[in-house]
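As structure tokens, the structure follows; a few thoughts come after it.
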Amino acid sequence: MTLLSGAIASEHVTASKIGAGILKAGGNAADAVVATILALGTVCMYHSDLGGGGFAIIRTSDGRHEALDFRQCAPAAAHADMVMDAASPRGMTVAVPGQLKGLEALHQRHGRLPWSRLFAESIQLAENGFQMRHDLYHYCSNGKSPYITSRRGTRTERDKAFDFLFDDHGDILSQGSIIKRSAYSKVLRAVAERGSKRLLHRSNSPRHHYKVNWSDPIQGKFKDKTLWSVPAPASGSIWIHAMSMLAHLEIDRAGTSEDLHKMIEVQRLAYPQRTKLGDPAFIEGISNIERALVDPLLCQERARTIDDQTHVPDHYKKAFSTKFDRGTSNITVADSDGLVISITTTVGSNFGSGIIVPELGMVLNDSMQDFSSKGIANWTGYESSTANYSEPFYLDLLTHIVAGGKRPLSSSCPYIVEDAQGNPILAGGAAGGSTIISGNIQVARNVLEHGMTASEALRSTRVHNQLSPNSTQVEHASTHLGVLVEGLSPDQAAALESRGHVLEWLPESRLVACCIKFHYTNKGIEWDAAADPRKEDSGASVYMT
């Protein structure tokens with residue numbers, strides 16, 4: 001078996017190293033991405049777990065492109081009159097998970113090593129223990145300063161399934177403490193031996209009938225580069241729409257007020273279009289809408305509407321409100337055989353529904369909240385999106401078997417970029433709810449337009465404007481493990497405000513991105529892989545044969 005070189009970037013350095021170890025053991029990018037995701041589910045269960053789902057964009061070693069949809073779906077009894085919000089019972093927010101089926105499908109089509117081999121390191125982590133590190137501690141608290149360090153008075157106080165994260169006094173385990181997940185390790189071992197049948201074995205369970213969707217990816221252009229991402233119910237077409245508009249604008253030096261203004265205006269034009277999207281299995285014409293969004297002529301026409309001032313929201317076309325996942329993780333892997341995979345997984349909010357199945361140790365998603373509620377405005381007062389209602393779908397096959405349910409709209413848009421010769425030159429993705437789209441736009445443009453390295457592209461300051469609410473999120477400068485993350489300067493802020501922008505200051509961007517940049521030399525491929533410095537446990541790993 002020929003060993004493959006490769007690179008892995010994810011939100012946890014331990015998971016990335018496990019992925020690199022899979023390459024060293026003779027695996028390929030598909031094996032590495034599955035093993036990395038399993039490790040993330042073990043140590044970053046607040047973002048990724050077997051109780052979630054996601055999307056993947058794949059470039060095969062022979063240059064073909066595929067999209068994989070293993071997004072959570074609504075149970076068969078779901079209906080459009082259901083109201084999903086923070087007051088909903090936690091169990092009502094759980095959608096049918098797709099993650100295990102998705103990983104299994106990816107491995108069956110593209111994997112190289114035995115399925116069971118991909119679980120070994122995660123089983124060891126869960127059984128023998130791993131350290132409580134900064135990011136897990138952060139998400140066990142309220143996720144912002146000052147931290148809430150005790151479970152007393154919270155919804156986890158009487159929930160024994162969360163005991164592994166707290167000490168006998170009800171306080172979050174201190175950083176450096178060893179965490180063991182014995183119930184989860186047993187599930188991993190069983191799934192390693194028997195596959196998805198171990199969890200999805202009941203014939204009357206909607207999970208048993210869940211099916212992943214393989215499809216053609218959405219494709220667009222950025223100058224002479226080809227962009228690939230995942231179609232609806234993901235938001236790949238929105239990312240491509242924005243990138244294509246930027247391609248038709250005059251280049252300005254990175255970080256200038258003119259450059260930042262154009263970036264914000266492109267986002268204000270692109271984001272309202274996402275509310276036209278939904279699950280194409282339910283809504284006719286979604287593919288036509290996506291084809292229009294990535295059309296170069298339309299993108300050029302819309303780019304020409306940008307001037308030197310911002311405008312009222314109606315100028316950009318009124319949009320419905322939508323809801324987006326937040327507890328999300330992205331993994332990007334590439335190998336020397338040409339297989340490239342960027343995959344985004346999510347359990348919804350941080351720790352999903354807040355339910356850990358005691359006998360399984362598995363975090364369940366809250367992705368039913370990602371649907372719009374019929375006739376109910378969200379807290380900003382914007383009406384709901386009809387394309388994102390949670391009506392169930394019944395596929396009337398010859399056998400009259402009821403199958404599946406509707407999949408909620410997602411902001412996920414993992415991507416791959418190729419040069420004019422069809423060689424991959426950049427792959428990446430992000431976590432962070434609705435900021436995923438704006439973050440992927442900025443990271444990709446930093447590399448493609450401004451020539452930044454992967455780490456430079458990730459530590460550059462970010463702006464986010466989704467039109468509703470009518471303000472731009474900007475971040476202060478911050479330092480993480482000695483790495484300076486650029487923030488918006490007072491001069492930049494004043495220049496944007498002079499153009500009419502309303503700024504909302506954040507300590508740092510909510511986005512967690514990662515990417516791999518490709519370099520081609522006489523000796524072969526070299527990878528520049530990096531993960532977001534805003535998360536202190538993030539990291540990339542490169543294995544060279």
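Glycine is no exception: its Cβ is also placed from the backbone N, Cα and C atoms.
All annotation found in TrEMBL is predicted automatically rather than curated by experts.
Listed in TrEMBL:
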BINDING   Arg71, Asp370, Ser410, Ser411, Gly433  L-glutamate binding site
ACT_SITE  Thr328  active site, nucleophile
Using the residues the record lists for L-glutamate (Arg71, Asp370, Ser410, Ser411, Gly433), what whole-number Å value is the largest Cα to Cα distance?
15
Please classify the secondary structure at Ser410 (L-glutamate binding site) using three-state DSSP.
coil
Which of the three DSSP states, helix, strand or coil, fits Thr328 (active site, nucleophile)?
strand
According to DSSP, which of helix, strand or coil covers Asp370 (L-glutamate binding site)?
helix
